[in-house]
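Trainee: I'd like to ask you about the structure that follows.
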Amino acid sequence: MPASASPSIAGLLLAGGRATRMDGVDKGLQLLDGTPLALHVLSRLSPQVDETLISANRHADRYAELGAPFDARIVADETPDFPGPLAGLLAGMRAARAPLVACSPCDTPYLPADLVARLQAALDAQQADIAMAVTVDAQHVRSPQPTFALLRTSLADDLAARLAAGDRKVRAWYARHKTVEVEFHDERAFYNANSWQELAALARR
């Protein structure tokens, strides 16, 4: 993209959580096959977007180092109490130069290579505010994946108001806006690590 061009989609890596089920470690910095989880995700997400942001509330210098090959910028929550992914999303929406933000957790190393394109196609086709991934397994069970989404940055003020009111649930906030669900049939692409056991399992997949 030429330096003078305006980016159309920002990618946002959500790495600002507390990882309470992993003894509070910084999940994105844990290694899979010798590489930090966050770098696995950045390597898949950044080629799909025009600018890259990393939501990180700890170890900002380390994330800046990981993000340097992608010209990533670091953003932090506006509040210090780790209020959850919506706070990271808000920080990214505020910082983005693009009108759309595509978000992904930092612990999903098999992120689909066509995630953003498919979300954008659905968003445009339905003239929606938010496009959210949904996995469908072999038994046709649908599982929403709300932290894999494409959102309009114009929603930032509403999100800020809901966070100020104490709302923390991602899907509850999505329900306030026109949201389209996009089905993905490759469950493996959305596997993540919420525990040490799941991190070990990722290495075996």
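Placed from the backbone N, Cα and C atoms, the Cβ positions cover glycine too.
Below are the features listed in Swiss-Prot for this protein:
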BINDING   Leu14, Ala15, Gly16, Lys27, Asp77, Asp107  GTP binding site
BINDING   Asp107  Mg(2+) binding site
Trainee: Over all shown protein chains, what is the count of other CB atoms within 10 A of the CB belonging to Leu14 (GTP binding site)?
Mentor: 28
Trainee: Given the binding-site residues Asp77, Asp107, which one has the fewest other C-beta atoms within 10 angstroms of its C-beta?
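Mentor: Asp77, out of the binding-site residues Asp77, Asp107, has the fewest neighbouring Cβ atoms within 10 Å.
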Trainee: Within 10 Å of the Cβ of Lys27 (GTP binding site), how many other Cβ atoms are there?
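Mentor: There are 22 of them.
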Trainee: Measure the Cβ-based neighbour count of Ala15 (GTP binding site), defined as the other Cβ atoms within 10 Å of its Cβ.
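Mentor: Its Cβ has 30 other Cβ atoms within 10 Å.
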Trainee: Specify the secondary structure state of Asp107 (GTP binding site) as given by DSSP, simplified to three classes.
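Mentor: Once the DSSP labels are grouped into three classes, Asp107 (GTP binding site) ends up as coil.
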